[in-house]
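Have a look at the structure below before the remarks.
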Amino acid sequence: MTFLPYYKFPSTVVLIDDAETTIEEVAKLFEDEPQITKVFTHQQEALDFINNSPKTDGFISRLQDAPASYDSLYACHEEIYNSDRFNQVSCVLIDYDMPGMNGLSVCEKIKDSRIKKILLTGVADEQVAINAFNRGLIDYFIRKHDPNSPELVLEFTQDAINRFFYDVTHPAIESVIKQSSWINSPLNIADYRTFFAKLIHELQIVEYYLLDISGSFFAIDSNGMAIIIQTLTSEMLDQQIEDLKNTIHWKNLKDSDQQAIIRREKTLCLSPLVGAEEPDYILATVRLVPHQTGLYVARFSDATRDLNKIKHFHFL
């Protein structure tokens with residue numbers, strides 16, 4: 001299953017091991033990842049940090065305090081101005097065999113059940129890890145003697161972060177989607193979720209926020225550039241041509257661009273965040289979402305946000 005959170009931003013991953021040299025080696029695996037890592041060699045110190053860390057549920061709280069609506073969904077991208085969001089702990093990677101309090105005992109004391117736990121285990125502790133996984137106490141375990149353990153650490157951690165944000169965002173935003181008359185929202189299509197996950201990896205997106213149930217997202221890439229990603233059906237593209245053909249926007253296009261739009265290779269886009277009465281259309285390349293979904297995706301730079309005010313991970 002592809003977990004597609006409705007929004008996601010760089011978060012904090014906590015690493016716990018009493019062996020300082022070991023945990024520092026693990027920390028090096030994350031040097032190129034868009035997240036914060038906190039290293040602890042003392043279990044209680046780590047627990048105090050995890051259980052007292054800021055919870056950046058601002059958007060979710062707004063959804064819960066007021067009736068779910070399209071306006072509250074649209075407002076989720078305002079989290080980009082909240083620098084505390086990066087302090088949200090999403091995942092804990094912990095060694096099992098530690099003196100005083102083993103890794104499972106630490107996991108039991110983590111208060112936020114949404115935080116995902118990855119246990120590092122030795123050969124002698126494998127059955128303990130399997131039992132803990134089956135009980136739901138941990139979400140993943142990695143055998144330290146596995147030759148692929150470094151790759152598994154990165155893979156499981158990224159999956160854990162996605163699952164964390166999926167669990168945080170899914171219940172509240174699903175209620176908004178269910179209110180819609182659009183039964184075939186792309187957000188409910190498995191092939192679309194897989195495509196979108198690959199797209200944000202390809203575009204080096206470090207955070208994104210759902211803007212509407214049609215599949216429009218506000219995103220920020222690794223260079224701090226703001227991007228709009230829009231999802232369109234073939235019917236929407238055809239209707240756009242009909243609506244534009246007699247307008248000045250169409251007449252101002254080059255013949256080659258008009259033909260590209262007719263072939264569904266390009267489209268004219270409006271940013272969902274634009275509030276001007278007569279906003280400018282943006283010519284964007286269109287990509288077909290594969291596997292017979294009948295969906296297309298367009299992306300373009302968004303110049304409507306004040307980038308100097310955005311608390312972006314790249315600039316920390």
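All residue numbers here begin at 1 and follow the chain in the order shown.
Placed from the backbone N, Cα and C atoms, the Cβ positions cover glycine too.
Given the structure is predicted, the values throughout are model-derived calculations rather than measurements.
Feature annotations, courtesy of TrEMBL:
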- 12-158: domain 'Response regulatory' (DOMAIN)
- D95: 4-aspartylphosphate (MOD_RES)
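Sorting each residue of the domain 'Response regulatory' (12-158) by its DSSP state yields 72 helix, 27 strand, 48 coil. In the predicted model, the domain 'Response regulatory' (12-158) has a mean pLDDT of 87. The Cβ of D95 (4-aspartylphosphate) lies under 8 Å from the Cβ of I16, D17, D18, A19, T22, I23, G103, L119, L120, each on the same chain and at least six residues away in sequence.
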